[in-house]
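Let me begin by presenting the structure, written as structure tokens, before commenting on it.
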Amino acid sequence: MSPQTETKAGVGFKAGVKEYKLTYYTPEYETKDTDILAAFRVTPQPGVPPEERGAAVAAESSTGTWTTVWTDGLTSLDRYKGRCYHIEPVPGEEDQFIAYVAYPLDLFEEGSVTNMFTSIVGNVFGFKALRALRLEDLRIPVAYVKTFQGPPHGIQVERDKLNKYGRPLLECTIKPKLGLSAKNYGRAVYECLRGGLDFTKDDENVNSQPFMRWRDRFLFCAEAIYKSQAETGEIKGHYLNATAGTCEEMIKRAVFARELGVPIVMHDYLTGGFTANTSLSHYCRDNGLLLHIHRAMHAVIDRQKNHGMHFRVLAKALRMSGGDHIHSGTVVGKLEGERDITLGFVDLLRDDYIEKDRSRGIYFTQDWVSLPGVLPVASRGIHVWHMPALTEIFGDDSVLQFGGGTLGHPWGNAPGAVANRVALEACVKARNEGRDLAAEGGEIIREACKWSP
């Protein structure tokens, strides 16, 4: 019998409960390039020292349990355990601190966001010794990044497919999002695309309801796409939501979209789940479909400031799981601090290499190596007068989504689309000429109105 598995009755082991910090708090630990690093915002129960709570997070999200078990002797805890290696207070917050935890790469299945989250956040958030816990950021090592396909195509390939360069893309969600027949829905799609938008979009909760079954919607939207392409000479698309109750049904809808020859489908990646999302992403790459991602349900996870997960973590996970676009919100009208934080995770979506910058909420330097980038989608209550700020803040590699800002135009859908396209092209032209969009934005839009049909 192997010495490692041999039962030694005369030796035994020291059973019982012991403090987590004795095993899992290791301030002397030097992190490895292959470690997954996590930054947790911890709010402990009163009277619990930070070192113990940080170590508890590391233990309960890796190899630990509430008591010592004899099977600990059958493996190497030093190789597999998570380690809380640094603790720092949160400025301006009483009794909150950031616990930094390092996880050995062997704890995670290759290419599985599902397994990564199951390990890191699957159980520890219900730990009664903590009042609240929030995952602020993750550092994904290059060795783990390379096990993921990532976005089906990425920013450059999408631009090449669409033959559209040098400006943000324009998009509109069809409203009302529920209740339209498939034919009337397709009519609205045609009017918006014919007016000058690049894309229209299913709302996140449009799947296959009694008033509009998915196959009918796909057919009428495809007709609208082809008609608007023939009349404008531009490549158009509609985000056909393939989200369904089963993975098999989701793939069936994506297959039908491919057979129709449309360029893009859509998925609700949080409600649909990471396993389904990764499967759809792989299908889209293999079959030449772009993949738009909606983040429905994200606020359930990321809205609380001291519990849950920050959206930057969900954004990183999406880039690994796969998607060519994802909604990122917008910074127009928000506080400057929120602007910096939002643009921080926008850079995490688009760029290849992002330096640590705590002022923007980036706790770790992240190297994505060759993983394609994701286009952020700016949405939520924006309209044509926001165009100068959006053009300046988000730059060319973005999608600007005007729902009510298109369909709410007093002259109708097509004029609303025309207004957005004219405003965008005017702002891009002014920017390229060196004009100050922040100072002259209103004047630029008014000048464009004079020549708009």
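Using the three backbone atoms N, Cα and C, a Cβ is placed for every residue, glycine included.
Record check, Swiss-Prot: substrate site residues include Asn123, Thr173, Lys177, His327, Ser379, and the candidate from Arg295, Arg303, Arg350, Arg358 also listed there is Arg295. Around Lys201 (Mg(2+) binding site), the C-beta neighbours below 8 angstroms that are at least 6 residues distant in the chain are Glu171, Cys172, Thr173, Ile174, His238, Tyr239, Met266, His292, Gln401.
Between Lys175 (active site, proton acceptor) and Asn123 (substrate binding site), the C-alpha separation comes to 39 Å. A simple Cβ count within 10 Å picks out one of the recorded positions Lys177, His294, Arg295, His327 as the most packed, and that one is His294. Highest Cβ count within 10 Å among the binding-site residues Asp203, Glu204: Glu204.
The recorded positions recorded for this entry are Asn123, Lys177, His294, His327, Ser379, and the Cα of His294 lies nearest to that of Glu204 (Mg(2+) binding site).
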